[in-house]
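Pulled from TrEMBL, these are the features on record:
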type	residues	note
DOMAIN	57-540	domain 'Major facilitator superfamily (MFS) profile'
TRANSMEM	69-87	transmembrane segment
TRANSMEM	107-128	transmembrane segment
TRANSMEM	140-170	transmembrane segment
TRANSMEM	245-263	transmembrane segment
TRANSMEM	386-404	transmembrane segment
TRANSMEM	411-431	transmembrane segment
TRANSMEM	517-535	transmembrane segment
Amino acid sequence: MATSPKVTVFHRRSDYDVHSYVVGGPGDNAVHRLNEERRAILSEIDNAKFSWFHIKVAFVSGAGFFTDAYDIFAINVVTIMLGYVYGDDQSASIPGVAGRSLSAMQQLGVKIATPIGIIVGQLLFGWLGDVMGRKRIYGLELLIIIIGTFGQTIAAPSMAVSFIALLIVWRTFMGIGIGGDYPLSAVISSEFSSTHIRGRVMTAVFANQGWGQLAATAASCVVVRAYKSSLLSNGNTLLEDIDRIWRIIVGFGCVPAVVALYFRLTIPETPRFTLDIQRNVDKAARDIDEFLTHEGYTVDPEAVSRRLSAQRATKGDFRRYFGRWENLKVLIGTSYSWFALDFAFYGLGLNSSIILQAIGFGSPDKGITGGQAIYQNLFNVSLGNLVLSLAGFVPGYWVAFLFIDRWGRKPIQLMGFCALTVLLVVMGFAYHKLTSTTRGTAVFVFLYCLANFFQNFGPNTTTFIVPGEAFPTRYRSTAHGISAASGKFGAVLAQVAFQWLKDIGGPIGSNAFLDHILQIFGFFMLTGIISTLMIPETNQKTLEALSNERQDRFFRFLGKSSSYPFRIRT
């Protein structure tokens, strides 16, 4: 009587020495043993010690977020420069070039172009990351960012095309690449990390957003200072010098992207995607041995192919999985929490220069005009943004790094939303009283920095982490993209609302409604507290436990040979 072929798998582990077993046909309970092998391999990832490979993943993924933040927040100062060179609106109180600015619609277009592109990129690359794999498209988003950034620096006005419209197109294109970075970097850093350090690795990746924002403000300070003599001379090249300054500042954003590109193109596929989507236990185990545990792995030369079925990402399966309330509520919780956070985060972040000017922090002396007024305004706004980054943004990320794997994600997010609700409401209701005196203005700036701190030591960090942990491998990238896109939709709405509301009750440019805008932001932080209650605590839990699915029956046997084989290869 014929017997089914047998496959003997030897897998060396540091914890278990060498063990082996024989995998035959269905009668030998092969599927059960392969499921156990899968769980053992996943256990190796979850229990792997911190290594240089984890540092490499954090660096390679983090370099993209450095670039993302630099490109997004550099527009704060650049918008003012664009107004001097290409603006049509003229201030009644400030004569000449120093009083020129972009129209309200032009400012809005420049500021929301990138978030709109980001929404497209997050949804597109999130889906592609689950369909094609993380590795196959990782690096493509950086290429888009590099091309989009370079395109902005060489864009020029013409008789047939509006320069601002051309700039908006390039920034939208760049935004698609930035958006793609969110789900891919989050999922890659999550799937390669051990359970006990996953929060810190993902926070270290996202914390590069703080360094990128700091670099953007520092670069503007340095470049503006370098052109000080040219600007103060108020000569015939004044507009040409300002045009050069903003192009140099934007162009610097290409540098970290170019540095990180090679490493992204050479990073391996995550073992979880190889195991759960490609269903290649052999390759997943080899990758773990090579990059995480450095132990040996051997397979019998007479290994044969077996076709196995596993849960796959289809429309029907998507509806089935998210049709269960316990899974849908997590997606709603992660999406709305990010929406509420970004409504205030980008509402404040992309308009910090306007807020600084509105409260008179570092504004140029009223008696000066021309190039001197332009230099003072640009340098003071750059310096003010630098102070905000150093005092709030950067420290917040790294305090979150220290506590994310101790306190957990949910407590930090709740604490952040509560603190932001109080701070923004106080800033809103006390706005006029605080900004009427020099000491009060200093208190307002302190509260503003404190709000930045609790955004990052709070929901800005956790809304990035939780969607990268709380869903199964086949939907992890897609769900993260949906959650992140919800956040950027909030950012776009915030920009539209800010531009539309800020001058209500006063003349154009008066920012008379700014106190009420802060109160509205405070209300959205309050709603974030409610949505946080819908998400699970992911700290110190495996990704498989968080997926809400059984793991002991992940693979199912379908017979020999097929168009989509699961292989144990030699």
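Cβ atoms here come from the backbone N, Cα and C positions, even for glycine.
For the transmembrane segment (517-535), the residues of the chain that approach it from at least six positions outside its boundaries are 329-330, 332-334, 336-337, 340-341, 343-344, 347-348, 409-410, 413-414, 417-418, 420-425, 427-429, 431, 459, 466, 470, 490, 494, 497-498, 501-502, judged by C-beta separation under 8 angstroms.
Under 8 Å from some Cβ of the transmembrane segment (245-263) lie the Cβ atoms of residues 56, 59-60, 63-64, 66-67, 70-71, 74, 77-78, 81-82, 85, 139, 142-143, 145-146, 149-150, 152-153, 212, 215-216, 219-220, 223-224, 227, 378, all in the same chain and six or more residues away from its ends. Averaged over the domain 'Major facilitator superfamily (MFS) profile' (57-540), the predicted model reaches a pLDDT of 87.
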